[in-house]
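Structure, as structure tokens:
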Amino acid sequence: MSLIGATIITTFSGPVSDWIGRRPMLILSSVLYFCSSLIMLWSPNVYVLLLARLVDGFGIGLAVTLVPLYISETAPPEIRGLLNTLPQFSGSGGMFLSYCMVFGMSLLPSPDWRIMLGVLAIPSLFFFGLTIFYLPESPRWLVSKGRMAEAKKVLQKLRGIDDVSGEMALLVEGLAVGGDTSIEEYIIGPATDPTDDHVADGDKEQITLYGPEAGQSWIARPSKGPSMLGSVLSLASRHGSMVNPSVPLVDPIVTLFGSVHENMPQAGGSMRSTLFPNFGSMFSVTDQHTKNEQWDEENVHRDDEEYASDGAGGDYEDNVHSPLLSRQTTSAEGKDIAHHGHRGSSLSMRRPSLLGEGGEGVNSTGIGGGWQLAWKWSEREGEDGKKEGGFKRIYLHEGVPGSRRGSIVSLPGGGDAPEGGEFIHAAALVSQPALYSKDLTERHMSGPAMIHPSEAAAKGPSWKDLFEPGVRRALLVGVGIQILQQFAGINGVLYYTPQILEQAGVAVLLSNLGLSSASASILISSLTTLLMLPSIGLAMRLMDLSGRRFLLLGTIPILIASLVVLVVSNVVDLGTVPHAALSTVSVIIYFCCFVMGFGPIPNILCAEIFPTRVRGLCIAICALTFWIGDIIVTYSLPVMLNAIGLAGVFGIYAVVCLISFVFVFLKVPETKGMPLEVITEFFSVGAKQAAAKA
């Protein structure tokens, strides 16, 4: 009944959380847990008990679906995997305590099941208190609803810093679903004065890149020389293919993600900007900028009194001014920005402090994992022959730094960069900004047609967004890994561990203790869950260092081996004690390796790979797959144990694990340390490359 309840609530949890927020749904989960525990404690008959278990399932479904989602949306990229493994750790700790309690009850002459179920009220009260008094709303959800002031305050609280302009800009850009993303490479240097000798008049290749803070700009030129990155990013941009020639079946998305982590070791390292770690003079800081009125909800959306009153004063302007673009910049103004962006640019959000006392950049503008967010002005010729302009969003990742001083002759590809000075080679994901509106451009408006986040959010998620190539590709990964996780048998084995161990003859190992077969199997189950805790602790340590893909590919072969040993020990007559010992050790190894990889990682991945606008909807689809698979495995396991025995059941699970290994190797990318918005952009690029190959 709990599984049925979880399946039912999961159908609605994602879309409803996109509508009313993550925090209210987590509060509701804690209330459902508490109510179900009281009803179970009181149950006058089996029907009321079943109803209570159904309500309990509602709470479980909400928690399992939304906790990974909430953690992913609030955690810094470099520790997102660690924090998302915490539910696995706390869940295993809870199972250990539960088994200890039930083992103690099994020794009593007449154990009371009401206490066993009613005790759930105690942790559910802690859960309720945490959600009510401590948990803020997800900043990504707040931005998706145009509540910029609240989102900024939450980010400042979570990050412990005042300057969160870079991440605010990133969250706004995360509102995009798909897009025509291209891969480019730039040689980037400090913003120089137009009269500088290094800048030739009429240099059409020179581009001005604008950062999310006022006065933050750089000069860039497209890279033409040999690749300094040696990565698939550059190969894709020049040869149009990211397919690994040695393994042709590997998804281009896997190869693309892998190139970042293999060739750019900074990824996953720091929330701070690593694009120009020591190039303080590359940041151009302007004097006081003229105040502009873009994105001022107090002026544009006066009907929203809640936020207008909340944001009174100058700080409110900081909260709601665009981290991006002016709403009404004309084509002529945009052209002026492109030439004089580092003096009074309308891209300004507020006056920052980019230079430290030592002249180094204050590392507050990066978006995590060594990525930097920027924009450039681009023009194209319209159907009427007139030039049309607009901004392009760019996610930059540092490549190989050039000479900080003097000559660059010795560097490969160095001919692209200006002689002397400071420069860097960077790979770039280039696409339309999130708030670029096709509806507005169809009205033949000039300039970068932009809308406010609250206007974009009014449309809400759309089912047609699920068919965008990048989202569709991500759904294939998410749904596929959830199906395989369940049919690898973990939840069936968890639910029936005592019965499995009892059938394996574990009572023989503890015969000297004088325990019954049931009590002995429960005691071994509790010890098994205890051993799972250090395994999960190791996984928490490795999740953001070695990565999700590494843990999956490293632990699944051990799962297969442990299942094969279980099959052999049940097929070959080894004697009672060797059979019981091998079965027990194999089950323990199976559990410990599962919770290191295949246990937490599917939920972590599903919370990372979808765009903000459809994340709740997509996670609901993946979670629904999870619960349907869970129901099938749970209901089929007792029947299968009676029909084909332990050997047959574990043989099937071994085959599924083998299929899982192949699927992970070919389809599941490495997402450690990358901002969520960059991950979704990579899926869009990879889907485009895969379509081109097909």
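Cβ from N, Cα, C; glycine included.
Nobody curates TrEMBL annotations by hand; they come from automatic prediction.
Under the heading compositional bias 'Basic and acidic residues', TrEMBL lists 291-304.
Taken from TrEMBL, the feature compositional bias 'Gly residues' applies to 356-366.
The annotation domain 'Major facilitator superfamily (MFS) profile' is assigned in TrEMBL to 1-672.
Residues annotated as region 'Disordered' in TrEMBL: 291-366.
Positions annotated as transmembrane segment by TrEMBL: 25-42 (among others).
TrEMBL lists 48-71 (among others) with the feature transmembrane segment.
Feature annotation from TrEMBL assigns transmembrane segment to 92-109 (among others). Residues 115-116, 119, 123, 494, 516, 518-519, 522-523, 525-526, 529-530, 532-533, 536, 595 of the same chain sit 6 or more residues outside the transmembrane segment (92-109) yet have a Cβ under 8 Å from a Cβ within it.
The transmembrane segment annotation in TrEMBL covers 115-135 (among others). Only residues 6 or more beyond the boundaries of the transmembrane segment (115-135), in the same chain, are considered here, and those with a CB under 8 A from a CB of the stretch are 23, 26-27, 29-31, 33-34, 36-38, 40-41, 52, 56, 59, 70, 94, 101-102, 105.
Positions annotated as transmembrane segment by TrEMBL: 517-538 (among others).
Remote same-chain partners of the transmembrane segment (550-568), defined as residues 6 or more beyond its termini with a Cβ less than 8 Å from a stretch Cβ, comprise 488, 539, 542-543, 582-583, 586-587, 589-590, 593-594, 596-598, 601, 646-647, 650-651, 653-654, 657-658, 660-661, 664-665, 668, 670. The transmembrane segment feature in TrEMBL is assigned to 550-568 (among others).
Look at TrEMBL and you will find 580-605 (among others) tagged as transmembrane segment. Residues 64, 68, 72, 80-81, 84-85, 87-88, 92, 477-478, 481-482, 485, 488, 490, 493-494, 497, 500-501, 504-509, 524, 528-529, 531-532, 535-536, 538-539, 543, 548, 551-552, 554-556, 558-559, 562-563, 565-566, 569-570, 574, 622, 626, 646, 660, 668, 671 of the same chain lie 6 or more positions beyond the ends of the transmembrane segment (580-605) yet place their CB under 8 Å from a CB of it.
TrEMBL lists 617-637 (among others) with the feature transmembrane segment. Residues 3-4, 6-7, 10-15, 18, 61, 64-66, 68-69, 461, 463, 466, 471, 474-475, 478-479, 482-483, 485-487, 489, 491-493, 495-496, 602-603, 606-607, 610, 649 of the same chain sit 6 or more residues outside the transmembrane segment (617-637) yet have a Cβ under 8 Å from a Cβ within it.
Taken from TrEMBL, the feature transmembrane segment applies to 643-666 (among others). Sequence-remote contacts of a segment are chain residues at least 6 beyond its ends whose Cβ falls under 8 Å from one of its Cβ atoms, and for the transmembrane segment (643-666) they are 247, 249-251, 254, 480-481, 484-485, 487-489, 493, 500, 503-504, 549, 552-553, 556-557, 559-560, 563-564, 566-567, 570-571, 583, 598, 637.
Mean pLDDT for the domain 'Major facilitator superfamily (MFS) profile' (1-672) in the predicted structure: 73.
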